[in-house]
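Notes follow the structure.
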Amino acid sequence: MKPTYCGYAAIIGRPNVGKSTLLNQLLEQKISITSRKPQTTRYQILGVKTFKDIQVIYVDTPGLHAGTERTINRYMNRTARGALRDVDAIVFVIEPHWESQDAWVLDNLKEIETPVFLVINKVDKIKNRAELLPLIEKVSSLYAFQKITPLSAKTGDQVGTLEQAVHQLMPESPFYFPPEQVTDRSDQFMASEIIREKLMRLLGQEIPYSLAVTLIEFRKEEKIIRISAVIWVEKKSQKGIVIGKGGERLKRVGTNARLDMEKWFGKRVFLQLWVKVKSGWADNERLLRELGFEE
């Protein structure tokens, strides 16, 4: 029997460098929510890509960040660091410039013996690729990376080059997931994340970090899926902002989320949304566990 190869590759980096966009591009479909706001990803998400005799399980993680003032931030940091355990490869994503937070992430990686690929993302924003040479020289002096790949997760340029390099590090092993499976997350999780993405995209800078979404109903029928969800905020004033004048903003969130869900599930979706206040949830460990955050 022809051997198969299977392993894990963790995607790591500071917030808002395009880790989730890269995962979606590698999988050729969207499983991880994205927005222009940092720390959009809160949970560890597995994305499974099977190509002939090779299966790579990519681990999308929350952005590692030095600021740990809030309990939710500490939870996300622990999630990101936990993803580095027992993986076969690490994909460290940066933008076309080196920041102090990148150095902080790299310090976390230096304690690990796993091979690290450095990805310089968002090169579609650079007119002359020669501008990257000083950065490549700098990062090469900081760490012995397995490979340095400038690419664009947005356009897909050079993503295949990274993928081929990751394939070479996958150990001989049976597949861990059926070839047709693309994520370990449930339909209910995907529905709640789609709602949160639409909120992140429509709201201002501060409110999204005080938001959480939980489902109170998820019922599949023959021709339709019925979903009811609660959007949790920390303050009464935030509730009004989420709902909007005459309920207009909440209606837009619902419409946008429903359309995405219908693409994901392949059938009609009936979606109901409510907004409720749960004061201090982002700093309360018990409430964080209730909302799906893990140690």
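Glycine is treated like the rest: Cβ placed from N, Cα and C.
Quick caveat, the model's predicted, so the values are computed rather than measured.
Positions annotated as GTP binding site by Swiss-Prot, on the basis of sequence analysis: 13-20, 60-64, 121-124. Note: Val123 (GTP binding site) has non-local neighbours Pro96, Arg129, Leu132, Pro150, Leu151, Ser152, Asp157, Gln158, i.e. same-chain residues 6+ apart with C-beta under 8 A of its own C-beta.
The domain 'Era-type G' annotation in Swiss-Prot covers 5-172, and the record cites sequence analysis as its basis.
What Swiss-Prot lists as domain 'KH type-2' is 203-279. Summarised by DSSP class, the composition of the domain 'KH type-2' (203-279) is 33 helix, 29 strand, 15 coil.
As annotated by Swiss-Prot, region 'G1' applies to 13-20.
The feature region 'G2' is assigned by Swiss-Prot to 39-43, with sequence analysis given as support.
Residues or ranges marked as region 'G3' by Swiss-Prot on the basis of sequence analysis: 60-63. Mean pLDDT across the region 'G3' (60-63) comes to 70 in this model.
Cβ atoms under 8 Å from those of the region 'G4' (121-124) belong to residues 17-18, 21-22, 93-96, 132, 150-155, 157-158 of the same chain, restricted to positions at least 6 beyond its ends. Per Swiss-Prot, the feature region 'G4' maps to 121-124.
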Among Asn16, Thr61, the most crowded of the binding-site residues [Cβ within 10 Å]: Thr61
